[in-house]
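Everything below concerns the one structure shown next.
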Amino acid sequence: MAPATTLTSIAHEKTLQQKFVRDEDERPKVAYNDFSNEIPIISLAGIDEVEGRRGEICKKIVAACEDWGIFQIVDHGVDAELISEMTGLAREFFALPSEEKLRFDMSGGKKGGFIVSSHLQGEAVQDWREIVTYFSYPIRHRDYSRWPDKPEAWREVTKKYSDELMGLACKLLGVLSEAMGLDTEALTKACVDMDQKVVVNFYPKCPQPDLTLGLKRHTDPGTITLLLQDQVGGLQATRDDGKTWITVQPVEGAFVVNLGDHGHLLSNGRFKNADHQAVVNSNSSRLSIATFQNPAQEAIVYPLSVREGEKPILEAPITYTEMYKKKMSKDLELARLKKLAKEQQSQDLEKAKVDTKPVDDIFA
């Protein structure tokens, strides 16, 4: 069933609807514009110079992956005009009337299209975002009927953007392969027939941003993700299991790169899978475009390189589909346990109220 409305149409409301209100422990701890410079910004200029800067760039990328699992890249070779076109057309789409966007509603198991909000199956609280999803690679899996036809140029621009990002992702995976002592193509080959999904996120202004998230805390399941974000701010990362958070400083024209669970496992845990979330604000909307590079469903997941003195972090090889199902099952179980704990807490509070009443009131 298609959603009745869009977030854009309710962003003017003064009070946040209950379905978006998160538990206190999940609410933002750092402001969307309280920027940190802890995430490295790495220039890729000279990355193709085997005898030149490639070694230096490789060291910086590896250090970032071992420390945070997230870094930013500039001088990456993706045409600035293409980036501008992609972001401009995306904003045009989200500015369309609700009925136009809902023509491409993705509910009901459709492959690609428009989504109003998102949430984990079995979880009641929803994220404050609107989404357009394109499945871009393998090319044979593209279903252009699920790609919005407005603005008119967006489909063609998305094709070019997808091609550019595929090349950039493979280049970065090549650097990480070499760092693991493997052939340049090792990580790309481990993906078998690499899948690419482009997710365009639009975070409208929010009436009470301190009560919700644009995208809840998570790690990406795939190999590597390249994120293009505007200058508003809202991407946050943690490396101490959520005790402290930083807001990633937006850099004009840069891509934020983060490793996913698959990349983490292939490196035998050497490279971190970035733990991150997105927060929103009441001052302005925010746009980001995430390009997820994932392995084929049948790809075998197992460490490609185990360093001396270490043991494999997986007991046995599994398929990517099995890995993904385990991740989803774990997330659902955590959501179920949290729900039970909340219900128990509520019952305990009610019982405490009864226990503290005067005897005359209890038997009245």
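Quick reminder: no glycine exception, Cβ is built from N, Cα and C everywhere.
The Cβ of H276 (Fe cation binding site) lies under 8 Å from the Cβ of I70, R217, H218, T219, L235, Q236, A237, T238, N258, each of these being in the same chain and 6 or more residues away along the sequence. The Fe cation binding site annotation in Swiss-Prot covers H218, D220, H276, and the record cites sequence analysis as its basis.
All protein chains included, R286 (2-oxoglutarate binding site) registers 26 other Cβ atoms within 10 Å of its own Cβ. Positions annotated as 2-oxoglutarate binding site by Swiss-Prot: R286.
Annotation source Swiss-Prot lists compositional bias 'Basic and acidic residues' at 348-364.
The feature domain 'Fe2OG dioxygenase' is assigned by Swiss-Prot to 191-295.
The region 'Disordered' annotation in Swiss-Prot covers 343-364.
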Additional residues surrounding Fe cation, by Cβ distance to the H218, D220, H276 centre under 8 Å: L215, R217, T219, T225, N258, G260, N273, A274, D275, Q277
Rounded to the nearest Å - Cα separation of R286 (2-oxoglutarate binding site) and D220 (Fe cation binding site): 20
Around the Cβ of H218 (Fe cation binding site), the count of other Cβ atoms that are within 10 Å: 17
Secondary structure content, the domain 'Fe2OG dioxygenase' (191-295) (per DSSP, counts of residues): 9 helix, 44 strand, 52 coil
Listed in sequence order, residues with CB under 8 A of D220 (Fe cation binding site) and six or more positions away: N258, L259, G260, D261, N273, A274, F292
